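Colleague: The active site, proton acceptor annotation in TrEMBL covers His67. Per TrEMBL, the feature heme b binding site maps to His182. Per TrEMBL, disulfide bond is recorded for Cys36-Cys116, Cys69-Cys74, Cys122-Cys303, Cys189-Cys214. The signal peptide feature in TrEMBL is assigned to 1-25. What TrEMBL records for Arg63 is site 'Transition state stabilizer'.
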Amino acid sequence: MASLTKNLILAFLCVLFGFVCFSNAQLSSNYYGASCPNLKTIVGDAMKEAVNREARLGASVLRLFFHDCFVNGCDASILLDDTSSFTGEKNANPSMNSLRGFEVIDTIKTQVEAACPNVVSCADILALASQKGVALLGGPSWTVQLGRRDARTASRSTANAQIPMPTSSLSTLISHVLRQSHTIGQARCASFRNRVNNDTNIDSGFAATLRATCPASGGDGNLAPLDIQTPSQFDNKYYQNLEARRGLLQSDQELFNGGSQDSLVKSYSSDGEAFKRDYASAMVKLGNISPLTGNNGEIRRNCRAIN
């Protein structure tokens, strides 16, 4: 299983679109040790407050991190509002009406700026907040490398091209994205309506239950958990759901549908600790995708706008 995991999980992230994805010498876990020594405490406390208020926010912030890193690297471009000079990524097709948690990052940034003005990037705040959110929901911890700088632009067209849709095929998923974060969070009816009303590779009872929430028409914004067993707990129940044909999204069930990933799903379904270890390793790799460092980019004062 170790070889399979290495090839099918870490490689998903490290080979994405030819991005740089290796240990970046300019990133360091102690990058702000002198300039902002309380950074991790500030981020951790704010995330704990947010997740205690609404557990879903842990998954929402994590999703922001994924959508950020898959579009030109982990540079906080996902946080930028549209301007007269560029159309941002917030309303790209895979993200429209579904990305949330921006206000959590705003709150953390305000607190960090009060303690350490003009020092910590929004990209690093998002990376730290994502790790803390996963840990608060019972998931693994990992060492977050820091020292990223923030992008000065964003691209909706690039986001449309590089972020998979909920209906993506297995080949698209292997080329684009790691689905394991779907052990937490929720999805809108609009993203799983076709699956619960038309797909055949779905448990009939599961589909019938979901049709009450997501009818053939209407209710686009109605929510259902990505993991029906433990929706607010980071664990391996997601894989058990796939084996039972209870994947909420079509793209989830593609991972267990008679294809090349079936054996990986079975492995993680029976070994939750292996899943968590491999997930933590993959997240470190994800955070290394094309960071802006040195004099590239900037340190935004407001995560929603360039300076």
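Using the three backbone atoms N, Cα and C, a Cβ is placed for every residue, glycine included.
Note that TrEMBL annotation is computational and uncurated.
Remember, predicted model here, so these are calculated numbers, not experimental data.
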Colleague: Roughly how many angstrom lie between the C-alpha atoms of Cys122 (disulfide bond) and His67 (active site, proton acceptor)?
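Modeller: Rounded to a whole number, the Cα-Cα distance is 14 Å.
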Colleague: To which of the disulfide-bonded residues Cys122, Cys214 does the lowest count of other Cβ atoms within 10 Å belong?
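Modeller: Candidates: the disulfide-bonded residues Cys122, Cys214. Fewest Cβ atoms within 10 Å: Cys214.
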Colleague: From the Cα of His182 (heme b binding site) across to the Cα of Arg63 (site 'Transition state stabilizer'), what is the distance in angstrom?
Modeller: 9
Colleague: Just the number: how many Å between the Cα atoms of Cys214 (disulfide bond) and His67 (active site, proton acceptor)?
Modeller: 25
Colleague: Sorted by position, what residues of the same chain at least six away from Cys69 (disulfide bond) have a C-beta under 8 A from it?
Modeller: Leu286, Gly287, Ile289
Colleague: Specify the nearest of the recorded positions Cys36, His67, Cys74, Cys116 to His182 (heme b binding site), where nearness means the distance between Cα atoms.
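Modeller: Out of the listed candidates, the nearest Cα belongs to His67.
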Colleague: What is the number of other Cβ atoms found within 10 Å of the Cβ of Cys74 (disulfide bond)?
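Modeller: Summing over all protein chains shown, Cys74 (disulfide bond) has 30 other Cβ atoms within 10 Å.
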Colleague: Quick check: of the recorded positions listed here (His67, Cys74, Cys189, Cys303), which one has the Cα closest to that of Cys36 (disulfide bond)?
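Modeller: Of the recorded positions His67, Cys74, Cys189, Cys303, Cys303 has its Cα closest to that of Cys36 (disulfide bond).
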Colleague: If you measure from the C-alpha of Cys74 (disulfide bond), which of the disulfide-bonded residues Cys116, Cys189, Cys303 fall inside 10 Å?
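Modeller: Near Cys74 (disulfide bond), where near means Cα within 10 Å, there are no disulfide-bonded residues at all.
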Colleague: Using C-alpha atoms, which one of the recorded positions His67, Cys189, Cys303 comes nearest to Cys116 (disulfide bond)?
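Modeller: Comparing Cα positions, the candidate nearest Cys116 (disulfide bond) turns out to be Cys303.
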